[in-house]
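S.K.: Below is one structure. I have some questions about it.
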Amino acid sequence: MIKMETDKIDDSTTNNLQFQMTVLSPPYDTARKKEPSATFNAEREACLKYFEKWSETDQVEFVENLLARMCHYQHGHIDSYLKPMLQRDFISQLPKKGLDHVAENILSYLDADSLRNAELVCKEWFRVISEGMLWKKLIERKVRTDSLWRGLAERRMWIQYLFKPRPGENHRPHGFYRGLFPKIIRDIGSIESNWRNGKHVLQRINCRSENSKGVYCLQYDDQKIVSGLRDNTIKIWDRSTLQCTKVLIGHTGSVLCLQYDDKVIISGSSDSTVRVWNVNSGEMATTLIHHCEAVLHLRFNNGMMVTCSKDRSIAVWDMVSETEISLRRVLVGHRAAVNVVDFDEKYIVSASGDRTIKVWNTSSCEFVRTLSGHKRGIACLQYRDRLVVSGSSDNSIR
């Protein structure tokens, strides 16, 4: 063990140490700075005149040479002087140049926590967020991209306050949307907790008939459930009472797929036909005959419909009304039954028992590419926001 004998240090050593420590204190103290002499002022002005005559490159090189000759205390003082000059609140500066929309666009990419923090930066940031209705835009973005958000918006009826132009009838102030966001988060938390913990109310509809026991497809909303059955019928059920309100009869084979909106129900069947029904009256509006085998899946939106079949083909239809539907193009390329289709304004995506997914251009109907990877037939597919998710009998999701 080493014993530190501090008592043996004499006064002279202590004085030397104290002298060395005083040297470590900053020599440049702006508070104690003396008044510059007349000579210094004259020399400084002369230097500044030369400096102003030089190019920016020469000025930078000169400053670099000056910095190289300074001690680190001087560097520290210069650093503290430069920091506020280099830190600029560009968000607050943009509106002053008439660029409010740019500031709004930048802040619109923030998530909820970041947006909440941004409101606290200063009054100008809060104004940009408030006048830009950025909480409303954040909720709209969530509703567009998340089915749970959209379902909740429709069920809670606050979807009526979204996706409206600023002068719209149902326009609410910024504070409404700012207060709405945490309420939505709480509701979603409750829903997800209920799913995880199995907290649900089970209700059952008996679809048994004399000819069939099978339900092949369905779609529902807050008022009704529309189901396609093996007994060749489409049955509509009241969501509240669970009673059958309509039976749509016309198909001569099992109803394998259907989709509806506020005007029509469109169904595809193993009888190889596609039938269009009036959603309110339940009457059949038209029958489309093209496929030569069972129609396995269909999708329609914005005046366009795509159907696919066991006959390996895909049909693209133009829809003017429930009775004016014409075949635009037949897409051929799959080597087995086409089990499912989906599309948006840019691409049509189809999946087949031949283990492939094919992509087609929506406007021109031209083939784009084949997506391979599954080792067995593809049974289901969803395409949204440029992302394709597929499920196969090879026990994989890709």
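Just so you know, glycine gets a Cβ as well, placed from its N, Cα and C.
Not my notes, these are from TrEMBL:
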type	residues	note
DOMAIN	100-138	domain 'F-box'
REPEAT	208-247	repeat 'WD'
REPEAT	248-287	repeat 'WD'
REPEAT	288-327	repeat 'WD'
REPEAT	331-370	repeat 'WD'
REPEAT	371-398	repeat 'WD'
S.K.: Run through the repeat 'WD' (331-370) and tell me, per DSSP, how many residues are helix, strand and coil.
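M.R.: Tallied per class, the repeat 'WD' (331-370) gives 0 helix, 23 strand, 17 coil.
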S.K.: Using DSSP, break the domain 'F-box' (100-138) down into helix, strand and coil residues and give each count.
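M.R.: Going by DSSP assignments, the domain 'F-box' (100-138) contains 30 helix, 0 strand, 9 coil.
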S.K.: Under DSSP, the repeat 'WD' (288-327) has how many residues in helix, strand and coil?
M.R.: 0 helix, 25 strand, 15 coil
S.K.: Report the mean pLDDT of the predicted model across the domain 'F-box' (100-138), rounded to a whole number.
M.R.: 88
S.K.: As a quick check of your reading of DSSP, tell me how many residues in the repeat 'WD' (208-247) are helical, how many are strand and how many are coil.
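M.R.: Per DSSP, the residues of the repeat 'WD' (208-247) fall into 0 helix, 22 strand, 18 coil.
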S.K.: Mind checking how the repeat 'WD' (371-398) divides into helix, strand and coil residues in DSSP?
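M.R.: Residue counts in helix, strand and coil order: 0 helix, 15 strand, 13 coil.
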S.K.: Under the DSSP assignment, what numbers of helix, strand and coil residues are found in the repeat 'WD' (248-287)?
M.R.: 0 helix, 24 strand, 16 coil
